[in-house]
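Listed in Swiss-Prot:
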DOMAIN    20-158  domain 'DAC'
BINDING   Gly87, Leu105, Thr118, Arg119, His120, Arg121, Thr122  ATP binding site
Amino acid sequence: MAANDRAAAPGKSGGSSGADGLMRASLSAVAPGTALRDGLERILRGNTGGLIVLGSDKTVEAMCTGGFVLDVEFTATRLRELCKLDGGIVLSSDLSKILRAGVQLVPDPMIPTEETGTRHRTADRVSKQVGFPVVSVSQSMRLVALYVDGMRRVLEDSAAILSRANQALATLERYKLRLDEVAGTLSALEIEDLVTVRDVSAVAQRLEMVRRIATEIAEYVVELGTDGRLLALQLDELIAGVEPERELVVRDYVPEPTAKRSRTVDQALYELDALTHAELLELATVAKALGYTGSPEALDSAVSPRGFRLLAKVPRLPGAIIDRLVEHFGGLQKLLAASVDDLQTVDGVGEARARSVREGLSRLAESSILERYV
């Protein structure tokens, strides 16, 4: 198999988060443009079925009876021809070799499964028992199903996936446009020191919505393989800087810890991620995830940023210097009022860097105000 035709080997699952990662790796291994996907499509076109285990270890070997050992290089045509035999096929863990063919796979019959067909029931049980992905090709239904540690995914053709992906991309473009609007408003309000919890929650809400739709599109990119290259480029362009912005907003506004309530940046990001779609639509719930009380009245409470987000927009300013500036001055308003001499009192900030920070903040302040009122 040519190196550029082979996707990364999926490996074995390791818990719920591991199963999700294994599913993504497995989808990548069977995506259009890979030799394995080519072989699966040849099986469908030949109107035959197949049962293929994507990996091997002692557990898989103990489950196999009959058939014969091959240990030959994987090719799409070999896979197609060997699937004409009764029985399953076992590939090496890196998908580079066909190890066995024509084998009968005998998983534990006590493993529960909701599948009905013999081939699909076997595939589901084998994947659960051994931890490797298993592909089942149905001759009668003409579909390919991927089983990964209790999860099932039917492989679709690129046209169907692209249709959904393009709809999601159009939604992402609208979300990103709205995000840019509320983020610009927040910047202007920060300069004027007029920010409320509602303003912060609106930006955090939009950032999370953009992140979620981008994650969905990224899944489509994985499934599309080589057919998703253009989609991947569009996605990268649209979400550039979104993830860092999300963390910067939280770092700017997560409340200072008190005796009754304390929340770290990581905790706030986790809480935002854990919100359901319905909860994300409520600004009060978003505010609560950030660490505020979440009452409707609290949304109009005034808050002040620490300055991480605006300082990150200053060119060529290292993160370590940003942290020192925020720690020294304590808030954005004091940073905006600081002179070049004041800035030089911070460790690591010389005259040239102090002038760069001073001029950068001044330009950001002017442009933010102009964008809001002009």
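Using the three backbone atoms N, Cα and C, a Cβ is placed for every residue, glycine included.
It should be emphasised that the depicted structure is a prediction, and the values quoted were computed from it without experimental measurement.
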Neighbour tally for Arg121 (ATP binding site), based on other Cβ positions within 10 Å of its Cβ: 17
Assigned conformation of His120 (ATP binding site) - DSSP reduced to three states: helix
Additional residues surrounding ATP, by Cβ distance to the Gly87, Leu105, Thr118, Arg119, His120, Arg121, Thr122 centre under 8 Å: Leu51, Gly88, Gly117, Ala123, Val126, Ser136
All-chain count of other Cβ atoms within 10 Å of Thr122 (ATP binding site): 22
Rounded mean pLDDT for the residues that make up the domain 'DAC' (20-158): 94
CB contacts for Arg119 (ATP binding site) [other CB atoms within 10 A, all chains]: 19
Tally of residues which DSSP labels helix, strand or coil - the domain 'DAC' (20-158): 48 helix, 42 strand, 49 coil
